[in-house]
Every structure is written in structure tokens, then in C-alpha cells.
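Visitor: Pasting the feature list from TrEMBL:
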ACT_SITE  A:ASP7  active site
ACT_SITE  A:GLU68  active site
ACT_SITE  A:ASP141  active site
BINDING   A:ASP7, A:ASP141  Mg(2+) 1 binding site
BINDING   A:GLU68  Mg(2+) 2 binding site
Protein chains: 2
Amino acid sequence: MIILGVDPGLTRCGVGVVEAGAYRRLSFIHVDVVRSDPHASQDLRLKTIYDGLCAKMDRFIPDVVSIERVFAQENRNTVLGTAQAAGMAMLAAAQRGIPVALHTPTEAKLAITGNGMAQKVQVERMVARILGLNTLPKPADAADALAQAICHALRPAGALQGGEREEHLTEAQRQWAEATQRAVKAQHRRNVDRGM
Amino acid sequence: MIILGVDPGLTRCGVGVVEAGAYRRLSFIHVDVVRSDPHASQDLRLKTIYDGLCAKMDRFIPDVVSIERVFAQENRNTVLGTAQAAGMAMLAAAQRGIPVALHTPTEAKLAITGNGMAQKVQVERMVARILGLNTLPKPADAADALAQAICHALRPAGALQGGEREEHLTEAQRQWAEATQRAVKAQHRRNVDRGM
């Protein structure tokens with residue numbers, strides 16, 4: 001199964017592609033950053049991001065597109081552009097009939113390091129180790145895109161997607177759901193503390 | 001000049017089309033609401049909105065697309081979907097080489113009623129009067145989309161777009177810029193008062 005991960009952004013939109021084989025073995029396929037000119041108008045920037053994401057999807061024909069979930073309480077200066085870039089990825093996937101999964105950064109950290117609060121560098125090191133890379137993927141957007149793709153492959157079977165109900169969970173699924181909820185609540189508390 | 005106004009939304013996206021003739025005479029051409037199923041997944045909903053907006057642009061071939069500007073401090077539950085719907089309109093316009101203008105609700109109220117703080121029903125009545133409609137346009141999203149289109153036609157010549165600098169303004173342009181700034185600041189104060 002080919003998974004294309006997206007770390008959405010208007011200036012830099014990370015794209016990471018991995019192949020998930022038997023026994024959850026993961027292989028690195030591609031990583032890149034689609035960029036748009038910060039001095040261009042918003043509509044042209046979105047078209048640049050959209051065109052770049054379409055080209056990646058047409059090149060790697062992913063079975064699923066895994067996009068980092070955007071929250072409204074994030075940085076007000078960039079959150080709308082980030083949400084719109086995520087929208088470009090969703091549209092490009094929907095036009096190709098490719099299913100879309102959304103995972104929070106906390107879910108990605110949890111799936112990759114076992115700790116939803118892991119530091120960025122810990123996640124980057126684990127991404128490199130899981131994929132057998134000799135160096136850490138750069139820039140951060142590229143690493144986050146790979147983390148999104150890996151997260152989708154390594155999440156517990158049947159892990160909840162947004163809006164799904166917590167019925168008939170296995171023990172592993174329940175632990176994942178609980179850990180995610182704890183981490184999301186802690187993130188929310190930090191945002192409130194910081195007046196966001 | 002054909003102006004297609006958009007009141008962006010994920011559940012209901014208003015579209016209003018007007019023709020601006022000589023002496024700023026405005027004619028009503030079309031009003032409609034593009035809807036998406038709230039129970040569908042986000043990616044399919046965005047594709048529905050995008051397809052609907054593309055169909056409107058291909059039918060009316062506007063010279064400009066005027067979209068209501070979205071602010072990050074708006075309702076957290078819907079702001080990301082609203083921003084993404086606006087992104088769909090921007091992409092559809094950019095793909096057709098149609099220039100995009102963004103106007104705040106305050107600018108629309110100011111251009112249409114002369115008062116950036118006008119009540120919704122005042123704006124709707126003026127929209128109907130300006131376009132010679134016998135009834136108020138419904139639903140609200142449709143009226144707001146027409147207001148966006150009218151706003152673009154009636155704005156002072158050379159009115160500032162976001163990011164433009166306030167140099168060499170005529171007196172009318174300066175008044176517009178000042179009134180807009182006052183209204184935006186007042187809106188911001190109300191948001192702060194309401195803890196948004």
C-alpha cells in the first residue's frame with residue numbers, strides 16, 4: 001500500500017511517500033516540499049500548491065492520502081492558509097478517488113515514538129530509523145509529511161477517525177483512543193495557557 | 001463587467017452574479033447557493049463546492065470573482081471549513097485566469113449602505129433596491145454573495161486591497177480606507193469583548 005503524507009502549508013507544503021508492506025514493514029519512496037511564492041496573490045499560491053500536489057499524486061498513485069489535521073486554535077496568522085492548503089490536498093485526492101485520512105500531530109507522534117508528547121527531533125530520528133534513512137529528513141515540513149504517512153501505516157488497526165464512535169474497541173484501540181484524547185486535551189490546555 | 005460574488009461556506013456557499021454597466025448601473029444576473037452534504041467526508045464536500053463553483057464560473061464567465069474575506073478569529077467550529085470553501089473559489093478562479101478580489105463584510109456593508117455597521121436586513125433591503133428585486137434574496141448566504149459582488153462594483157475607484165499601501169489616495173479613497181479601518185477595529189473590539 002502506497003501512502004502519501006501531507007504536512008499542509010501555504011509557503012511550504014511537505015509531501016512524503018512510503019510503501020507499507022507485509023508485517024507493517026515500511027519503505028521510503030519520496031519526500032519533497034511544494035512551495036509557493038509568498039509575494040504572489042493567495043489564489044495563485046493555492047493553485048501552485050494544488051498543482052504540485054496533483055503532480056505528486058499522479059506520479060506515485062497513492063492508495064491513501066494522509067493529511068495533518070488542522071485546528072482552529074493554532075497560530076492565527078497562518079492557520080487559514082494552512083487549512084486552505086489542506087483543502088487543496090483533499091480536493092486533489094477526492095478528484096482521483098483516493099481516500100483521505102486526517103491524523104493529528106499527536107497521533108503521529110504516538111504512532112511513531114509511542115509518546116504523543118515527543119519532541120520534534122525524537123520524531124525525526126524515529127522517522128529516519130523506521131525508513132532506514134542515513135540522515136534526518138529536512139526541512140521539518142518534509143519530516144512531518146513522512147511522519148503523517150508512517151502514522152497512517154502504524155496506527156492500531158481500526159483506530160478511530162474523527163467522528164467515529166468508540167464502540168467494540170479492542171484493548172489496543174482503546175489505549176490509542178485514550179492516549180490521543182489525553183494528548184489532545186493537554187495540547188488544548190497549553191493553548192489556553194498561552195492565551196490562544 | 002460581470003462580477004461573481006461568493007459568500008464562502010462548506011454547507012452553503014452563496015453565489016451572486018451581477019453586471020456592472022456605465023455609471024455604476026448594476027443589473028441582477030443570478031443568485032444561488034451551492035450546498036454540500038454535512039454527513040459526507042470533508043474531501044468530498046470540498047469537491048462538491050469546488051465543482052459547483054466551477055460550473056457557475058463556466059456558465060457566467062465573470063471578469064472578476066469577489067470573495068468574502070475570512071478572519072481567523074471567527075467562529076472556531078466553522079472557520080476552517082469556511083476558509084477551505086473560499087480556497088475552492090480562489091482555485092477555480094485562478095485556474096480560469098479570473099482575477100480574485102477579497103472584501104470584508106464591513107467593506108460590503110459600507111459600499112452598499114454607507115454604514116460599515118449596518119444590520120443584515122438593511123444590507124438585504126439595499127441589495128434588493130440596487131438590483132431592482134421585488135423580494136429580498138434568500139437565504140442569507142445568497143444575499144451576502146450578491147452584496148460581495150455589488151461591493152466590488154461600488155467600492156471607490158482604487159480602493160485598497162489587502163497589503164496595498166496607503167499612498168497617493170484621493171479624498172474618497174482615504175475616507176473609504178479610514179472607515180474600513182474603524183469598522184474592522186470595532187469588529188475586533190467586539191470579538192475581544194465576546195472572548196473570541
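Placed from the backbone N, Cα and C atoms, the Cβ positions cover glycine too.
Any TrEMBL annotation is an automated prediction that lacks curation.
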Visitor: Taking every protein chain shown into account, which of the active-site residues A:ASP7, A:GLU68, A:ASP141 has the largest tally of Cβ atoms within 10 Å of its Cβ?
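Guide: When each Cβ's neighbours within 10 Å are tallied, A:ASP7 leads.
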Visitor: Distance check, please: Cα of A:GLU68 (active site) against Cα of A:ASP7 (active site), rounded to an integer number of angstrom.
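Guide: Cα-Cα distance, A:GLU68 (active site) to A:ASP7 (active site): 6 Å.
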Visitor: List the Cα distance (Å, whole number) between A:ASP7 (active site) and A:ASP141 (active site).
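Guide: Cα to Cα, A:ASP7 (active site) and A:ASP141 (active site) are separated by 6 Å.
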